[in-house]
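Undergrad: Got these off TrEMBL a minute ago, pasting:
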type: ACT_SITE; residues: CYS348; note: active site, nucleophile
type: BINDING; residues: CYS217, ALA218, ALA219, PRO220, GLY221, GLY222, LYS223, ASP241, ASP268, ASP298; note: S-adenosyl-L-methionine binding site
type: DOMAIN; residues: 116-441; note: domain 'SAM-dependent MTase RsmB/NOP-type'
Amino acid sequence: LITSLGAKETESKYQSLLSHLSHPPAFTTVRVNTHLSSVKHVKKMLLEEIQKQFKGICVPVLEHPELQDILLIPAIGPRQDLKKHESEVIVGAQCGYAVLRGAHVYVPGIISTSKFMKAGDLVSVYSDIEGKCKRGAKEFEGVKVFLGNGISELSRSEIFSSHGPVNGMGIRMIEPVYLSPSFDNVLPSHLFLQNLPSVVVSHVLNPQPGERILDMCAAPGGKTTHLATLMHDQGEVIAMDKIANKVKRIKQNAELLQLNCIKAFCYDGTKALSVEKREDEQEGPPFLPESFDRILLDAPCSGMGQRPTMSYSSTLKELMSYQPLQRKLFTVAVKLLKPGGVLVYSTCTITLSENEEQIAWALETFPCLQLQRQEPHIGGEGMRGAGLALDQLKLLQRFDPSAVTVQGMDIKALQDSQEDDLISLANKDCIGFFIAKFIKLNGK
């Protein structure tokens, strides 16, 4: 990157990226389950729900002109005028990120509370972003980020007693720093909470009714269920993941959204290729070569495009471990794809080594693959630095959170904005993400 842009511009880009990654995206994106309901009908129900939650604050729900199965809800914030309370609750980093995107605080996320906290107390909630707070501590002086104010549903002793609840709501957020709707049990069979680029991926793969599709690393099933919906639940979507609990989640999501063409298997994608026909009639993996019309490889990655993220605990060794794994999975995917079939590779990270470098490697390693134009193309083009030609970079799709300068939105700014400008902001101010689309040529 330094070779391509120069040290000064690279440093500036890096700082801007870190700043954007530490804030949530400007919009909450929900995908409508069009298998069960129309976008217009769900939009009406969602507006009613948001009005209930926001108690009179008027926030629009926008339809996307190119992604016609999603709705966009602006996140209001960061709100600067919130008063901090004496009673404090410290939550873990992952819980904190969820709160910044509209969630309440559930008991498993609570690490510590003030000494005399009772049910019904007004409390200020903070995130322990470095993971240094000890469970059950009565005070914490380490690095913490203010997330907003809430009402405690339980006392300190109930939360930390050995017989206390292990789940359920701990703090009901009433003044979050970012005002976003909570989707806990909100229209569960009609809506799927999904980041905008994750929705784009399934549209780029463009599965057709009657086809056989493989989602190689499928959990928790957002893209799997989207693929099945786009196929009108006709055909077969094989979903794989190597962690049993995650496969269970895929099955639950398919059932909730009433999709029948999904078959989920607990299996390691790197071992999903079988060179000889099996004797049994089992329909699951491993599969023979050239078994699928289209394959989605949403690869395991460093996740450095996820937002909000305020600190990274991964070591350099861990970050470098993803590239070889991605290449193993990619090699299996190419062999499982029929000639003339489509392969989409995606990640939710911003590193060159897991994205453009992988594409350069794939094109060199597999002469049968050809990069394809993506539809819709909402993100920017690929990043320089991996040796790809400019026309190849234009075929790639990279969502770069640092590409937008706006930070924060209040009610007045929202009311003064044109809908087109808000859609444009939603397209840019999202998570970091990368997509490449290939076709497998015949006879190679």
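Each Cβ is built from the backbone N, Cα and C atoms, and glycine gets one as well.
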Undergrad: For a quick check of packing: other C-beta atoms within 10 Å of the C-beta of ALA219 (S-adenosyl-L-methionine binding site), how many?
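TA: A 10 Å sphere around the Cβ of ALA219 (S-adenosyl-L-methionine binding site) contains 23 other Cβ atoms.
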Undergrad: Fill in the CA-CA distance, ALA219 (S-adenosyl-L-methionine binding site) to CYS348 (active site, nucleophile), as an integer in Å.
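TA: Counting only the Cα atoms, the answer is 14 Å.
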Undergrad: Counting across all protein chains present, how many other Cβ atoms fall within 10 Å of the Cβ of CYS217 (S-adenosyl-L-methionine binding site)?
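TA: Step by step: centre on the Cβ of CYS217 (S-adenosyl-L-methionine binding site), count other Cβ atoms within 10 Å, giving 22.
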Undergrad: Drop a 10 Å sphere on every Cβ of the recorded positions GLY221, LYS223, ASP268, CYS348 and tell me which sphere holds the fewest other Cβ atoms.
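TA: ASP268, out of the recorded positions GLY221, LYS223, ASP268, CYS348, has the fewest neighbouring Cβ atoms within 10 Å.
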Undergrad: Where the record says CYS217, ALA218, ALA219, PRO220, GLY221, GLY222, LYS223, ASP241, ASP268, ASP298 bind S-adenosyl-L-methionine, what is the longest distance in Å from one Cα to another among those residues?
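TA: Pairwise Cα check on CYS217, ALA218, ALA219, PRO220, GLY221, GLY222, LYS223, ASP241, ASP268, ASP298 gives a maximum of 19 Å.
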